[in-house]
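If you look up TrEMBL, you'll see 190 marked as active site, proton donor/acceptor. According to TrEMBL, the active site, nucleophile annotation covers 201. Per TrEMBL, domain 'L,D-TPase catalytic' is recorded for 117-225. The region 'Disordered' feature in TrEMBL is assigned to 89-113. Summarising the annotation, TrEMBL assigns signal peptide to 1-33.
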């Protein structure tokens, strides 16, 4: 054994004996350091702090010696402050990541009118409504559409023009207030009795005709099915 190894061993044994004595007296020292009326938590903190000092003092010692001393300090801390070390370890652990929030699937659309349409007409149920992004913004409201032989054309259409005080020159200047044309063949939304079938236009009661007139603009798309 070289002189340097011998000196290291002697220092390690001396430190081991000293640290073991520190660990053995850890509880007594903690108790005397705690002021009168200290809570158990205060005592636990003092004991754990003394244990940490022992661990810090063993840095640089050979690993087998250091491990033995540190274990003795841990045993003493667990004896005089049961559960304190484990509680600190739990407190120092990072909080678990919250589970991702479950996002419910969007409810299926029970609306056969495409979301891109600004206005929709359901000929079978004789209703019409306005929408934005597939969500109804007005309606549905009762309508009447073209009678047999004058059926309202189905499919996609685009608003071509609006005339507030329109009359039908084809049908004896019949009034067609709030006309919103969606074909170039005279088909329009306009005020009219929803109880009387039309010559192809969409009849709306007065307040609904006004709302359609105000909401729809030239270039808006409508869908009739």
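The backbone N, Cα and C atoms fix where each Cβ goes, glycine too.
Caution: TrEMBL annotation is automatic and unverified by curators.
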Mean pLDDT over the domain 'L,D-TPase catalytic' (117-225): what is the value? 96
Helix, strand and coil residue totals from DSSP for the domain 'L,D-TPase catalytic' (117-225) stand at 10 helix, 53 strand, 46 coil
C-beta crowding around residue 201 (active site, nucleophile), within 10 angstroms: 25
